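One structure is given below, encoded as structure tokens.
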Amino acid sequence: METLNKENPFQKSHLYYYQASGAQYPIQDEVGQLAVTKALPQAVSLVRTILKILSFRLGSLLLCGKLCLDWKWPFIHKFCEISVGKREQILKNWSKEKTLIPLRLVFVLIKLFCFYTFFSRVDENSQNPTWEAIGYHIDTKKNVTKTHKDRPLENGVIETMLETDSSLIQSLKQKGLEVTEDPNDNSVYKIKCDVVVIGSGSGGGVAAAVLAKSGQKVIVLEKGNYFVSQDYSSLEGPSMREMYESSGILSTKDGKVMILSGSTVGGGSAINWSASIRTPSNVLHEWSVDHKLPFFESSEYQSAMDVVCERIGVTKNCTEEGDKKGTDSTWLVDAVECGGAVILTGCKAEKLVLEKNPNKGITRKKCVGVIANCLNNKITRKLQIESKVTVSACGALSTPPLLINSGLKNQNIGRNLHLHPVLFTWGYFPEENTEFKGKINEGGIITSLHRVVSGKNKTRAIIETPAIGPASFAALFPWISGADMKDKMLRYSRTAHLFSLVKDEGSGTVKEEGMIDYRLSKVDKDNLQSGLRQALRILVSAGAVEVGTYRSDGQKIKCKGIKDKEFEEFLDSVTAVGGPSSRGDYWTIYCSAHQMGSCRMGSNEKVGAIDENGESWEAEGLFVCDGSVFPTAIGVNPMITIESTAYCISKKIAESLKM
């Protein structure tokens with residue numbers, strides 16, 4: 001810093017950047033607020049306990065060792081009294097801790113929340129003072145030109161966050177819905193429809209369109225809010241907060257996998273990268289033959305993929321800005337424009353309404369609707385939506401908890417959760433040393449996909465390029481020291497990323513909301529390793545001067561003048577290590593943007609939670625139309641598969657309602 005010229009604007013921004021500290025007010029309060037509201041309760045309790053222990057001298061001695069000792073009275077310092085240099089060393093030790101694993105987990109949690117907050121927070125001008133130094137700039141005033149109506153769902157959406165008890169009833173009736181109040185029960189409003197669809201993403205949007213166009217009165221429940229492109233913030237923090245589950249900070253219980261999942265009208269289709277890949281033929285064959293679900297190799301399913309791809313405008317060319325075809329601008333528009341659908345935003349399903357079914361004996365019940373809660377405190381009553389058919393399409397993380405909370409017992413509900421685990425690699429491309437110009441936050445989101453195949457021509461992994469903002473980058477990137485992290489972030493705009501994604505054989509469970517367990521198999525780790533090594537080869541071939549992984553020790557190698565043998569030796573050291581809770585020397589954070597299989601389709605109730613028609617084995621009139629129905633992982637971006645499966649299931653529902 002001493003060599004920086006304070007009068008030079010460029011160097012002035014660097015000076016501010018290096019002087020900036022996470023201790024500056026009100027960053028600490030913002031970190032605490034984010035952690036308390038978005039982290040798992042167990043994680044918050046762990047951090048709180050460790051911080052409490054560190055407030056005592058003996059506690060600091062227990063957790064920090066000799067680094068808190070001094071020759072002067074009182075000989076043992078509390079953590080807050082220790083010098084910054086020693087505190088940094090303590091954090092390094094915690095990162096490497098293999099015996100007292102909670103210390104490693106606390107390090108991960110503090111690092112994640114501090115860096116995410118530091119690089120995502122903005123001032124009243126929507127700017128972060130560190131962005132200039134790291135080469136990050138976004139135009140928050142840029143208007144996106146639309147070719148369709150500004151708010152295409154306006155005539156069919158009721159935004160409950162803007163309603164009160166009285167206005168909600170009026171809005172529902174204006175949309176043609178029958179609303180009644182029980183004089184003996186002032187806790188609910190009863191609303192009648194033909195079909196209630198829980199969730200508005202790739203599955204729910206398609207189901208709503210197919211059923212509404214078949215003449216059914218449909219209500220769509222969405223716990224998120226409705227945004228159009230003009231509403232979208234270019235800022236990482238607000239975007240994650242408004243459109244992602246848990247503000248984009250959702251993880252497995254052990255902190256091994258960070259999970260991205262949409263929570264807005266359009267669900268995952270609104271926030272994904274629009275990668276539109278048909279279900280691989282080998283997956284369809286596996287489901288049809290091994291899982292005894294022949295419909296997946298039928299002409300019906302192939303036709304469904306054709307219909308889906310045409311409706312959402314799948315093209316091999318890059319689309320114009322602002323023309324993304326999520327369900328919020330396609331299928332849901334179809335549902336609303338035919339006059340058959342009403343979308344309630346800010347409304348969360350709590351419990352399915354199940355009744356005895358005299359025609360099906362004591363083992364199979366009948367689903368007659370759902371009880372939902374508006375997330376607006378001004379609406380004091382719950383909504384009891386009475387329907388002929390109920391469709392759960394709230395995703396592989398939310399459908400199982402809803403079904404279990406409603407009393408369903410099938411052993412497959414909440415199990416067999418697949419996440420398409422991802423590990424990152426990076427390569428640094430100084431602008432003066434390469435033909436590639438620009439910054440990583442510019443240009444297309446995803447323009448290609450590379451398959452890593454085995455000798456038997458079997459896909460082991462796929463390699464894609466992620467869109468990653470500075471806050472997410474800093475939260476996930478390995479921390480070696482404060483100075484090293486600041487140096488690495490200075491290179492943010494010219495650090496390219498590739499990730500390895502696998503069709504996971506391992507699986508997990510999700511039986512309570514937000515409580516996710518997950519384990520990779522050895523095959524998964526081997527395949528991820530192959531993908532990582534190939535991704536690093538690609539980065540080096542493209543001209544990166546330095547490449548590395550996200551392993552906790554900052555695994556990397558400089559490429560200038562490197563010999564093939566030396567690089568291959570480095571690649572031999574690249575493996576898929578465990579997560580923070582593992583007891584290995586090194587660890588890493590995995591990521592997931594695809595969740596599937598947790599309410600899988602099966603040929604009988606012993607192997608699946610729903611049948612080939614998408615209907616629950618336990619409750620007549622209850623269907624599932626989201627990624628949770630997949631019998632296995634599929635190994636590619638799942639949007640087309642979810643929409644195609646939902647299309648087929650919805651067509652069958654529509655036919656059954658006409659009988």
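These residue numbers are counts, starting from 1, taken along the chain as shown.
Backbone N, Cα and C define each Cβ position, glycine as well.
Automated prediction, rather than curation, is the source of TrEMBL annotations.
Under the heading active site, proton acceptor, TrEMBL lists HIS594. Spatially close to HIS594 (active site, proton acceptor) yet at least six residues away along the chain are HIS418, LEU419, HIS420, GLY627, ALA633, ASN637, PRO638, judged by Cβ distances under 8 angstroms. According to DSSP, HIS594 (active site, proton acceptor) is assigned to coil rather than to any helix or strand.
The FAD binding site annotation in TrEMBL covers 193-208. Counting every protein chain shown, 38 other Cβ atoms lie within 10 Å of the Cβ of GLY203 (FAD binding site).
Residues annotated as domain 'FAD-dependent oxidoreductase 2 FAD-binding' in TrEMBL: 194-229. Counting same-chain residues at least six beyond the ends of the domain 'FAD-dependent oxidoreductase 2 FAD-binding' (194-229), those with a Cβ under 8 angstroms from any Cβ of the stretch are 144, 146, 150-153, 157, 159, 161, 176-177, 242-243, 262-270, 308, 322, 324, 326-328, 330-332, 334-336, 338-349, 369-370, 372, 375, 385, 387-395, 398, 402, 625-627, 638-639, 642-643, 645-647, 649-651, 653-654, 657-658.
Summarising the annotation, TrEMBL assigns domain 'Glucose-methanol-choline oxidoreductase N-terminal' to 320-422.
As annotated by TrEMBL, domain 'Glucose-methanol-choline oxidoreductase C-terminal' applies to 516-643.
Counting Cβ atoms from all protein chains shown, GLY199 (FAD binding site) has 30 others lying within 10 Å of its own Cβ. For the binding-site residues CYS193, VAL195, ALA207, the largest tally of other C-beta atoms within 10 A is found at ALA207. If you take the C-beta of VAL197 (FAD binding site) and look for same-chain residues 6 or more apart in sequence within under 8 angstroms, you find GLY204, ALA207, ALA208, LEU211, VAL218, ILE219, VAL220, LEU221, VAL391, ALA393, CYS625.
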